[in-house]
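Written out below as structure tokens is the structure these notes cover.
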Amino acid sequence: MRPTARQFTLPDLFSICPLQDATNPWYKQAAAESRAWINSYNIFTDRKRAFFIQGSNELLCSHVYAYAGYEQFRTCCDFVNLLFVVDEISDDQNGQDARATGRIFVNAMRDAHWDDGSILAKITHEFRERFVRLAGPKTVRRFADLCESYTDCVAREAELRERNQVLGLNDFIALRRQNSAVLLCYSLVEYILGIDLDDEVYEDPTFAKAYWAACDFVCWANDVYSYDMEQAKGHTGNNVVTVLMKEKDLSLQEASDYIGRECEKQMRDYLEAKSQLLQSTDLPQEAVRYIEALGYWMVGNLVWSFESQRYFGAQHERVKATHVVHLRPSSVLEASCDSDSDSDC
């Protein structure tokens, strides 16, 4: 892996994305209610940071679930806030403790009567009650399975961090698909649309091509956008930028360029597979609606990444215009956490 430069140019992912962005009309009302719900538990030690990240995540929901009705959108906001609780609890835990936290989350998600008396179990039960009211049985089962895969992979990420180990690319892709929570968020699409797909639909080659392309596009875009924030915190091991630099002996700029080419291929695969599904009679129309809805995630995530200050802080408009990222030293990021700005910390 070559020495890291102090700046790099992001790939222009908007230029390869023909999908149209939109926002949810229920955003302000539902986001405020969801935020009040999670804050009523008083579990965040840094309220300013919690408020910003929650608001930022709810803004993301507005883009990626633009088509959701009020109740469904509110439930989606609740879920991203629940994930924030899980992350907040497990962020500084070792692998063993992170697995224990994950088990609480999964057990409460699978069983409405399971209770260890923890706040996490109570919050999870309250989300689950809203979710299962409208979700189909197959969707509920898959969602619980994905919750378990997510927490297992988050714990594995913690173990890799303890060992200062960076995975090879193929192993990393498999891990990143799960610990990013993108698949969990995609599972909410069935709930929103009021559909309950058979497991066989996910095994269809054309459906799977679109599904995994949409997942990888979001994961890889997030990694290149978040790299500066993560390197300033000293947490770069769970990022495809680092994986590419190490495995392929690339510079930071070369890794960014590589990601741009891969994202272009992922977008092309998604669009081609979606077009084939539209012309096919092999799968139910609900499967096509599901794949089309994933497009909101692909474009909405791009728009949100520069609309919010999550990754680039107060420089987000400049970075959007120039694509140039100046790497921040850790002291600068720490100072921004203590300032009055809305920079992510």
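Backbone N, Cα and C define each Cβ position, glycine as well.
Since the structure is predicted, the reported quantities are computational estimates derived from the model, not experimental observations.
Feature annotations, courtesy of Swiss-Prot:
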MOTIF     87-91  motif 'DDXXD motif'
BINDING   Asp87, Asp91  Mg(2+) 1 binding site
BINDING   Asp87, Asp91  Mg(2+) 2 binding site
BINDING   Asn222, Ser226, Glu230  Mg(2+) 3 binding site
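Positions of the features from Swiss-Prot, shown on the structure.
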residue : record                : Cβ within 10 Å
Asp87   : Mg(2+) 1 binding site : 13
Asp91   : Mg(2+) 1 binding site : 12
Asn222  : Mg(2+) 3 binding site : 20
Ser226  : Mg(2+) 3 binding site : 20
Glu230  : Mg(2+) 3 binding site : 18
From the binding-site residues Asn222, Ser226, Glu230, pick the residue whose C-alpha lies nearest to the C-alpha of Asp91 (Mg(2+) 1 binding site). Glu230
For Mg(2+) 3, residues beyond Asn222, Ser226, Glu230 with C-beta within 8 angstroms of the site's Cβ centre include exactly Asp223, Val224, Tyr225, Tyr227, Met229, Asn239, Tyr311
Please report how many Å separate the Cα atom of Ser226 (Mg(2+) 3 binding site) from that of Asp87 (Mg(2+) 1 binding site), as a whole number. 16
Tally of DSSP helical, extended and coil residues in the motif 'DDXXD motif' (87-91): 4 helix, 0 strand, 1 coil
Take every residue in the motif 'DDXXD motif' (87-91), average their pLDDT values, and give the whole-number result. 78
Quick check for the class: what is the C-alpha distance, in angstrom and rounded, between Glu230 (Mg(2+) 3 binding site) and Asp87 (Mg(2+) 1 binding site)? 15
Using C-alpha atoms only, work out the spacing between Asn222 (Mg(2+) 3 binding site) and Asp87 (Mg(2+) 1 binding site) and round it to an integer in Å. 17
Check the DSSP secondary structure of Ser226 (Mg(2+) 3 binding site), expressed as helix, strand or coil. helix
